[in-house]
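All remarks here apply to the structure that follows.
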Amino acid sequence: MGGAVSAGEDNDDLIDNLKEAQYIRTESVEQAFRAIDRGDYYLEGYRDNAYKDLAWKHGNIHLSAPCIYSEVMEALKLQPGLSFLNLGSGTGYLSTMVGLILGPFGINHGIELHSDVVEYAKEKLESFIKYSDSFDKFEFCEPAFVVGNCLEIASDSHQYDRIYCGAGVQKDHENYMKILLKVGGILVMPIEDQLTQILRTGQNTWESKNILAVSFAPLVQPNRNDNGKHDTVGLPPCAVRNLQDLARIYIRRTLRNFINEEMKAKGIAQKAPPKRKRRRCRRRRINTYVFVGNQLIPQPLDSEEDERMEDDNKEEEDKDHSEALKPEEPPRNLLREKIMSLPLPESLKAYLTYYREK
């Protein structure tokens with residue numbers, strides 16, 4: 001699936017295309033997509049394909065097309081503090097974006113069939129927390145991943161506000177998925193080649209809406225053990241954060257608010273990340289043709305308008321070239337600067353920065 005929008009040159013360009021095509025429609029979803037570079041979830045040597053609107057698979061590693069993830073994120077109607085379950089969590093790309101919207105008091109769980117993919121997801125999550133410039137701009141609900149078949153979840157597992165299944169669900173498994181959902185919750189999953197949004201309106205009542213025609217590989221059926229029974233999979237616990245973790249969240253929030261107030265007082269607006277300029281297409285000169293004997297000879301049709309357009313294009317190209325030559329200043333991490341200026345032991349400062357290296 002995919003190919004609904006033009007390929008981008010980088011992550012921001014891809015998001016611009018998804019917005020223009022109305023796959024991304026809300027600000028929170030846009031911010032999450034811009035914060036997580038899709039290319040970071042590709043293996044080395046395959047990143048050139050990261051910004052195309054196409055699915056990608058290598059061994060057990062799989063990423064759906066960007067247009068699919070966009071529709072899923074919009075259909076889930078995510079809000080801070082909700083609980084989310086990703087059935088077939090894969091690389092963790094979607095779960096990480098969801099975590100940016102859920103915030104620190106949400107629940108973010110994923111179950112994935114392949115243990116090597118879970119390890120890959122954990123590596124990518126650790127890399128995002130340690131190195132991404134976006135991490136300090138959000139309050140994050142860190143995903144927790146477990147290995148297992150999502151059709152073997154223990155019957156006494158807790159329910160969730162939002163659920164997404166990233167594999168084709170057969171009709172006889174539809175009710176199994178619905179049971180995992182809280183009343184008032186939203187389940188998004190592919191059923192019979194339709195990405196479907198299901199709202200649980202009551203204990204035994206549901207509302208369904210088809211979102212998009214899709215083609216997903218079906219869910220892998222569970223194997224029976226030596227006793228002829230299925231192994232059950234335990235989901236991560238819904239743990240309450242400890243006091244130390246809560247203190248870190250509120251200190252970072254207070255400092256972030258203080259920075260925003262400082263910038264407002266100075267009349268400095270928060271700048272959005274600079275977008276790559278789209279290059280203007282240069283128009284061709286129009287020629288007129290005259291007959292000289294038996295030959296058709298092209299003659300340039302010079303006009304003031306043609307000359308003005310050519311001069312404007314040249315000036316813009318020269319300006320873009322000169323701007324490209326200017327060395328870019330590295331972005332300042334004001335939150336980190338505030339933390340490092342606090343009168344605290346270095347070990348506490350490191351804890352407040354999540355031990356990030358920049």
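First residue shown is number 1, and so on along the chain.
Here the Cβ of each residue, glycine as well, is placed from N, Cα and C on the backbone.
DSSP assigns SER64 (active site) to coil, not to a helix or a strand. Taken from Swiss-Prot, the feature active site covers SER64, and the record attributes it to similarity to another entry.
Positions annotated as compositional bias 'Acidic residues' by Swiss-Prot: 302-318.
Annotation source Swiss-Prot lists compositional bias 'Basic and acidic residues' at 319-339.
Under the heading N-myristoyl glycine, Swiss-Prot lists GLY2, citing sequence analysis as support.
Annotated region 'AdoMet binding motif' per Swiss-Prot: 85-94 (among others), in sequence order, evidence recorded as similarity to another entry. Residues 36, 38, 41, 61-63, 69, 72-73, 108-113, 117-118, 120-122, 124-125, 143, 145, 150, 160, 162-167, 177, 180, 189, 219, 235 of the same chain lie 6 or more positions beyond the ends of the region 'AdoMet binding motif' (85-94) yet place their CB under 8 Å from a CB of it.
Note: the region 'AdoMet binding motif' (160-164) comprises 0 helix, 5 strand, 0 coil (DSSP; helix = H, G, I, strand = E, B). If you look up Swiss-Prot, you'll see 160-164 (among others) marked as region 'AdoMet binding motif', on the strength of similarity to another entry.
Same-chain residues lying 6+ beyond the ends of the region 'AdoMet binding motif' (181-191) with a Cβ under 8 Å from its Cβ atoms: 72, 75-77, 83, 87, 159-165, 167-169, 171, 174, 197-203, 211, 214, 216. Among the features that Swiss-Prot reports, region 'AdoMet binding motif' is placed at 181-191 (among others), with the record citing similarity to another entry.
Sequence-distant contacts of the region 'BC-box' (240-250), counting only residues of its own chain at least 6 positions beyond either end whose CB sits under 8 Å from a CB of the stretch, comprise 104-105, 139, 351-352. The region 'BC-box' feature in Swiss-Prot is assigned to 240-250.
Per Swiss-Prot, the feature region 'Disordered' maps to 300-339.
Within its own chain, the region 'CUL-box' (342-345) is flanked in space by residues 352, which lie at least six positions past its ends and keep a Cβ under 8 Å from the stretch. According to Swiss-Prot, the region 'CUL-box' annotation covers 342-345.
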Query = So which residues does the region 'AdoMet binding motif' (160-164) touch in its own chain, when a touch means Cβ under 8 Å and the partner is 6 or more beyond its ends?
reply = 72, 76-78, 82-87, 94, 98, 107, 109, 177, 180-182, 184-189
Query = What counts of helix, strand and coil residues does DSSP assign across the region 'AdoMet binding motif' (85-94)?
reply = 2 helix, 3 strand, 5 coil
